[in-house]
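These notes are about the structure you will find just below.
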Amino acid sequence: MKKIVLAYSGGLDTSVILKWLQENYNCEVVVFTADIGQEDDMSVIQKKAAALNVKEIFIEDLKEEFVRDFVFPMFRANTIYEGYYLLGTSIARPLIAKRQIEIAHLTGADAVAHGATGKGNDQVRFEFGYYCCDPNIKVIAPWRQWELTSRHSLIEYARKNNINVPLDKVNEPPYSIDANLLHISYEGKSLEDPYVEPDYTMLSRSLTPELASSIPEYIEITFEQGDPIAINDISLSPANLLHQLNKIGGKHGIGIVDIVENRYIGIKSRGIYETPGGTILLHAHRAIESITLDRESAHLKDEIMPKYAKLIYNGYWWTTERKMLQSLIDKSQEKVNGTVRIKLYKGSVIVVGRKSNNSLYSYNLASFDSESQGYDHKDAEGFIKVNSLRLKKS
């Protein structure tokens with residue numbers, strides 16, 4: 001191998017991997033860090049890489065691209081995996097993989113490497129992304145190759161090589177954490193027992209509902225063709241809008257979930273997720289769709305959503321079938337315009353109003369107090385008779 005591009009977070013795992021690659025492949029290692037809203041100090045990450053004698057360091061602000069081209073398209077589908085998971089980690093991997101391959105081409109590297117473990121989904125997501133973008137790229141997955149088979153052995157290797165081991169608030173190695181502008185996830189340690197209540201002091205973006213404000217807050221979100229464009233009539237870029245919703249939702253205890261999910265490779269995994277802004281967006285988007293989509297379009301979207309979510313979760317973002325579904329979803333959003341009013345209170349997102357110039361809602365048809373033109377109550381009798389025929393024969 002001539003040169004390797006490593007997806008580098010600056011954390012314990014990828015710092016150890018960087019050292020291990022240098023020792024075992026005897027070639028130049030380029031590091032790439034995607035700033036997608038994880039709120040790490042990028043200058044510290046650069047110094048860590050430089051201290052390990054890395055000559056080419058790419059640290060790129062991809063927050064706007066991440067939200068505009070990945071998060072928002074996913075939210076047009078009201079995407080949710082297994083009833084709870086808003087796919088915060090899953091949706092970040094295609095962008096990182098794409099840019100990693102682009103940097104490999106730019107620097108003349110013939111291989112890429114990642115820090116995903118051999119038990120997780122991310123190894124699949126990264127490598128599917130690599131091969132979609134460059135079928136001939138060589139892939140190095142250290143967790144499937146080296147003899148460091150546990151967190152303990154990883155920490156020992158780090159200490160022997162003078163690599164800093166971060167500690168949490170109680171002076172222990174922290175949870176396995178993944179963060180971006182959409183969410184923060186926590187795995188490992190005591191969470192591996194699914195019956196143990198989490199220590200919520202781990203949370204960094206949200207207050208728990210018990211500690212959240214006792215005063216409800218009302219906000220309005222404006223949508224244009226299915227994408228949010230403004231909060232309280234203030235237009236914001238995609239990344240800034242999601243960042244602002246995270247701040248608002250976090251102080252009201254919105255979007256904290258405790259999940260046991262089914263990984264693609266067949267293992268069940270427990271995690272704690274903070275997704276305040278995304279949780280608000282999901283409720284708001286469904287609300288604006290409720291008055292702008294006709295019944296059959298809305299029901300069709302609900303039918304295909306689990307398939308779409310599964311494709312993203314399993315790493316198939318760049319595939320033809322995902323793009324086909326995206327085209328259908330995007331077509332449905334052409335008239336999803338308007339404003340949703342929401343009340344936030346102690347972990348709850350309560351839709352209290354919605355309006356749109358494209359609304360299909362008719363007050364005269366819906367009201368119990370008005371006579372509707374074009375609808376006669378007696379018409380329902382024939383409708384019921386025809387649709388009950390098969391029931392009478394069963």
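Any Cβ shown, glycine's included, is placed from N, Cα and C.
TYR273 is the residue from TYR131, TYR195, TYR273 that Swiss-Prot records in the L-citrulline site together with TYR85, SER90, ASN121, ARG125, SER176, SER185, GLU261. Record check: Swiss-Prot places ALA7, TYR8, SER9, GLY10, GLY11, LEU12, ASP13, THR14, SER15, GLY115 at the ATP site, and the matching candidate among ALA34, ALA104, ALA109 is ALA34. Each of the binding-site residues SER9, ASN121, SER185 was scored by how many other Cβ atoms lie within 10 Å of its Cβ, and the smallest score goes to SER185.
If you count neighbouring Cβ atoms within 10 Å for each of the binding-site residues TYR85, TYR273, the highest count belongs to TYR273. For ASP13 (ATP binding site), the nearest of the binding-site residues SER90, ASN121, TYR273 in terms of C-alpha separation is ASN121.
Residue environment of SER176 (L-citrulline binding site) contains 18 other Cβ atoms, counted within 10 Å of its Cβ in all protein chains. The record assigns TYR85, SER90, ASN121, ARG125, SER176, SER185, GLU261, TYR273 to the L-citrulline binding site, and the maximum Cα to Cα distance across that set is 19 Å.
If you take the Cα of SER9 (ATP binding site) and the Cα of SER176 (L-citrulline binding site), they are about 12 angstrom apart, rounded to a whole number. Here the binding-site residues are GLY11, GLY115, and the one with the most other Cβ atoms within 10 Å of its Cβ is GLY115.
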